[in-house]
Amino acid sequence: MARHVWQAGRFEIGLDKPKIMGIVNLTPDSFSDGGVYSQNAQTALAHAEQLLKEGADILDIGGESTRSGADYVSPEEEWARVEPVLAEVAGWGVPISLDTRRTVIMEKALALGGIDIINDVAALNDEGAVELLARQADTGICLMHMQGLPKTMQINPKYQDVVGEVARYLKARSAECIAAGIAPQRIILDPGFGSGFGKPLQHNIALMRHLPELMAETGFPLLIGVSRKSTIGELTGEANAAERVHGSVAAALASVARGAQIVRVHDVKATADALKVWEALGINL
C-alpha cells in the first residue's frame, strides 16, 4: 500500500514525507501541560501560532481530555472551549483538525467552516457520526482504536493479540465508513498508543514494533500519537509528562522509520529538527 495523499478538507496533504500534527489542548486537566493553554482563547491561539512557526503542518484542537481516568465533560462545555479557537484558526490557511468523539461537536464545527479533519478517538462510533461525515465531500478523518472509555479504559485491558485486534477493529471501522460513502483517500488510521487508550506498556511496544504489518493489514496510512504519554514515562522513568520530550522524539522517529506518515506531537520544534537530521542522513532505524 502506497498512498501519497490524504484528502483533508481544503487540502490535499502529501504523505511522501512525514508530517507533523501539533497539539493544541484546550482542557484544564490535560495530562501533558496541566491545562496551561486552556486559560483563554488568546493563550491557545498564541500557542497554535508558535507551533506553526516551529514546523507544524497541521493543528489539532481538542476540548475533552482523553487521559486515563478523565472526568466527564458535557458537550456544551466542550464546545465552549473549542469554538472561539476554531473560529479564529479557520482563517489561517493551514489544515485544521478537530479532536472530538461527539457527533454534535463535529456538526457544529463543520457548520462553522474551516475545519479540515475530524480526529476521533472513538473511530466515529458516536450515533450519527459516520452519516454526518459521509455527507461531507472532502473532510479528512482519523479513526483511532480505543478500548473502553476515557474514564475506565485502563482498568484491566485485555488482548489476546493486540496487533491483530487493533488491525481488525480499524479495518472494520474504515469499511463501515467506505460503505456509507466516505472515500478511502479521506481516511487515515491511529492505533491508539498509551495507557489512556486501554493499552499497557507491553502492548504499546508490540504495536510500535509491528507498524509495518499494521499498515499492510489495514491498507491505510498511519497517524501516530505517543508524545509525552505514560509509555514514554515508563520507558524513561520520567514521571513529569512535560519532561518526556527526548523520549517522545525518539518514538516519533521510530514511528516514521517504520512507515508512519503523520506524527501527532506536543514538542513540534524538537520533532521537526530531529526529522530534518534523520532525513538528511538517510537513517533507516
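Here the Cβ of each residue, glycine as well, is placed from N, Cα and C on the backbone.
According to Swiss-Prot, the feature Mg(2+) binding site maps to N25. Residues or ranges marked as (7,8-dihydropterin-6-yl)methyl diphosphate binding site by Swiss-Prot on the basis of similarity to another entry: T66, D99, N119, D190, K229, R264, V265, H266. The domain 'Pterin-binding' annotation in Swiss-Prot covers 18-276, and the record cites sequence analysis as its basis.
The least crowded of the binding-site residues K229, R264, H266, judged by other CB atoms within 10 A of its own CB, is H266. Calculated from their C-alpha atoms, the gap between T66 ((7,8-dihydropterin-6-yl)methyl diphosphate binding site) and N25 (Mg(2+) binding site) amounts to 11 Å. Cβ crowding, taken as the number of other Cβ atoms within 10 Å, peaks at V265 among the binding-site residues T66, V265. Sequence-distant neighbours of N119 ((7,8-dihydropterin-6-yl)methyl diphosphate binding site) (same chain, 6+ residues apart, CB-CB distance under 8 A): D60, G62, S97, L98, D99, T100, C142, M144, D190, L223. Shown in sequence order, M21, I23, D60, G225, S227 are the same-chain residues outside T66, D99, N119, D190, K229, R264, V265, H266 whose Cβ sits within 8 Å of the Cβ centre of the (7,8-dihydropterin-6-yl)methyl diphosphate site.
In the three-state DSSP assignment, the secondary structure recorded for H266 ((7,8-dihydropterin-6-yl)methyl diphosphate binding site) is coil.
In the three-state DSSP reading, D190 ((7,8-dihydropterin-6-yl)methyl diphosphate binding site) counts as strand.
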